Amino acid sequence: MSSPQPRSRILGTGSYAPARVVHNTDLEKIVDTSDSWISERTGIRRRHIAAEGELTSDLAAAAGRSALDAAGLSAADLDMIIVGTISGDTPMPSCAVYVQQKLGAQEIPAFDISAACAGFVYGLTIADQFIANGVARHVLVIGVELLSRILNWKDRTTCVLFGDGAGAVVLGPASGDGRGIISTRIFSDGTLANSLVIPGGGTAEPLTPEGIEQSRNKVHMVGQDIFKVAVKNLSSASLIALDTAGMAAGDLDWVVAHQANLRIISQVAARLSLPLERFVLNIEEYGNTSSASIPIALDEAVRDGRIKSGQNVLFCALGAGISWGASVIRM
Ligand code: UT7
């Protein structure tokens, strides 16, 4: 089966991680945990944490500038900014408009996507549509999270897992040489909405002093529920995206999966019958940066020469919602 012709392609990648690095051993001092538990159960050894005063939109704008540079474009060339985040600067307006302001972009549409860890794959899928229908030529897609400010630092079941960071790509029209987004598929299942949730602070539960005391405005997760569904759905979405692209897993040069847990990635690798060496891994360094994890790993692998032009790459991500998706790209 031949692959569909891509309509958009990645013109440049960028990323940004805050300078401050927190090691597992640092966390041993604040919650009842251990370096061995964290590294053996998740693969995480370190994570980057934003400095006081550093904003989500600062991280996002830094990654965006880097992607624009790599694409040889400037903010004036952009037709749209899409930001995948659940930890924007303010509940309203979107993080994307602060990024627009910081980049000095024109009066273009700028909006956020709330799909948690799948936010980047959702953003990519939406951008691909706007480029395909000719409404936009250059779209900046960013995945960014500043989760350290919405974690309960007394809850060892969540606070050891996440980190801060941003990754970005600039998409532009495909040039007809087969490179670009060949297929991209997104899904949600609201029946599991409460398995990974910030329960307070929205209209369902406006914040009260008691709510703040009980950390209702912080991330709550039933880790095992998400683990099981992550392995199943990341594998099935990947196979659907591959099938839509007219490819098999064996045709892939690289997989850039959401970096939530090395054990999840290993089980997805087994289900796709792919060696773990085919996966770009950086969970050890960043922890789970939610929507930023795929574009950060992508940018690192592009810049260090692992991912090369013309190679077939699969993205797959799953997070709160639950929302998930997978994309097949020829770089
Ligand atoms: O990115 C968004 C999507 N999120 C995910 O994909 C995360 C999916 N879930 C996971 O990755 C895993 O479920 C976790 C890493 C969150 C947890 O690993 P687990 O192997 O599922 O552990 P568990 O929840 O079954 O807990 C096992 C034990 C428990 O103690 P008991 O009840 O056996 O005595 C926990 O209380 O480990 C304990 N535990 C910890 N111990 C030391 C939980 N967190 C910690 C910790 N340090 N930080």
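Even glycines carry a Cβ here, placed using N, Cα and C.
Caution: TrEMBL annotation is automatic and unverified by curators.
These features come from TrEMBL:
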- 111-190: domain 'Beta-ketoacyl-[acyl-carrier-protein] synthase III N-terminal' (DOMAIN)
- C117: active site (ACT_SITE)
- 242-331: domain 'Beta-ketoacyl-[acyl-carrier-protein] synthase III C-terminal' (DOMAIN)
- H258: active site (ACT_SITE)
- 259-263: region 'ACP-binding' (REGION)
- N288: active site (ACT_SITE)
Within 10 angstroms of the C-beta of N288 (active site), the count of other C-beta atoms across all shown chains comes to 23
Expressed in Å to no decimal places, the gap between the Cα atoms of H258 (active site) and C117 (active site) is 7
For the domain 'Beta-ketoacyl-[acyl-carrier-protein] synthase III C-terminal' (242-331), the DSSP helix/strand/coil residue counts are 37 helix, 22 strand, 31 coil
Taking all protein chains shown into account, the Cβ-based neighbour count within 10 Å for H258 (active site) is 32
